[in-house]
Amino acid sequence: MHDIELIKKDPELFDRAMISRGFGEQAEKIIELDLKKRGELSTLYSLREQRNAVTREVALLKRSGIECTPQIEASKKLAEEIATLEHSIKEDTKLSNLLESLPNVPDPIVPVGKDESHNVEVRSHGQRRDFAFGIRPHYELGEMLNLLDFKRAAVLSGARFSILKGQLAELERALASFMLDMHTKEFGYTEISHPVLVNERTMYNVGQLPKFHDDSFRTTNNFRLAPTSEVALANLVSGTTLPRDSLPMRFTAYSQCFRAEAGSAGLDTRGMMRQHQFGKVELVSITTSDASNAELERMTSIAEEVLKRLELPYRVMLLCSGDMGFSASISYDLEVWMPAQDKYREISSCSNCRDFQARRMGAKYFFFENKKKHSTLVHTLNGSALAIGRTIAAIMENYQNEDGSITIPDVLRKYTGASAIMRAEDALP
């Protein structure tokens, strides 16, 4: 959500920001609707004062035994006008609807661009492997090994679902444990286990609603299946005012995520790159306004560290204004090398939302200055570290062997108890 006072202070700056995000000029309309609303509220306050004055006059006249029928009629008329105006103000949601539909303002360093072709590479890490044999895509390897079953998943659920078996299911569990251990034991994150069914207010608070109404799954009793742990983790501080010395708060969670993938027809129709349900380890930070820049760099470096320890080649991309998420002010994408596709693919996105989500959530922190208490909105950040399905796909493709087996990265072997993934003989019917 946006601060109207900042929009009014520099409408040209706000318009440039919205244009860069593909939304066109918006400031004039916002200011016009705000003036209308303020005018109506001013009129409402005036009418209430008039009614109160007439009510006092009626009481005085009655005590004095003086006829007051005209004043009583005037009071009734004012009450009707007040009720009509109150209803009109309550029903007029044009301003709030407009503000809710607009994305966050990009940071000054964010490159202006329409789509991912305008993203900027910041750095890369790792050496791409030279294969002496034909590279197989992860979905082909998984089916060869009898460990990845898309056909049976389609029978159970439909398209864009998968079943992992045996060593591949163990690898999934190993990755989640490895990532959570690293985040909690080395980097000070608090692990959270949270509901995956959330109410619509919780989704609204982080910017998932109303803009992306069709992108999440909705139950018949108006719950939503959370598309990311960010939804729950950020909302842990909704409606609170925290002491400054309690920040930063850092949360991590492994959860199943659910996405409708609206508008993705024809994209990544095979494999584990784009699914309706997938596991992900998420990082969320709640911090102060002066510390959020450094917190984003820290969070991004932690996500990178996961890839470094897995020895997967990757690059870091600074997203352009047109490719960022709705609530983000600045985002880095980590893209892992997928040899079978001969290109980098997103495996993590780390974003600073500044006070955009906090304004919706009513999340603040307080501090004392010159013995006076002050409060201001927190800054929220989120990052995936990492998406488990895509990490499995990357390991399968980068660590594949000519015989179809897959070498397990060294860092995971204490979790798997094995050094390689071999073919499973226990086929499902």
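Every residue, even glycine, has its Cβ placed from backbone N, Cα and C.
Record check: Swiss-Prot places Thr228, Ser229, Glu230, Ser384 at the L-serine site, and the matching candidate among Glu186, Glu282, Glu335, Glu346 is Glu282. Cα of Ala260 (ATP binding site) to Cα of Thr228 (L-serine binding site): a distance of 12 Å. Using a 10 Å Cα-Cα cut-off from Thr228 (L-serine binding site), the binding-site residues that qualify among Arg259, Glu261, Glu346, Ile347, Ser348, Ser349 are Arg259. Secondary structure from DSSP puts Glu282 (L-serine binding site) in a beta strand. Take the binding-site residues Ala260, Ile347: by the count of other Cβ atoms within 10 Å of each Cβ, the lowest one is Ala260.
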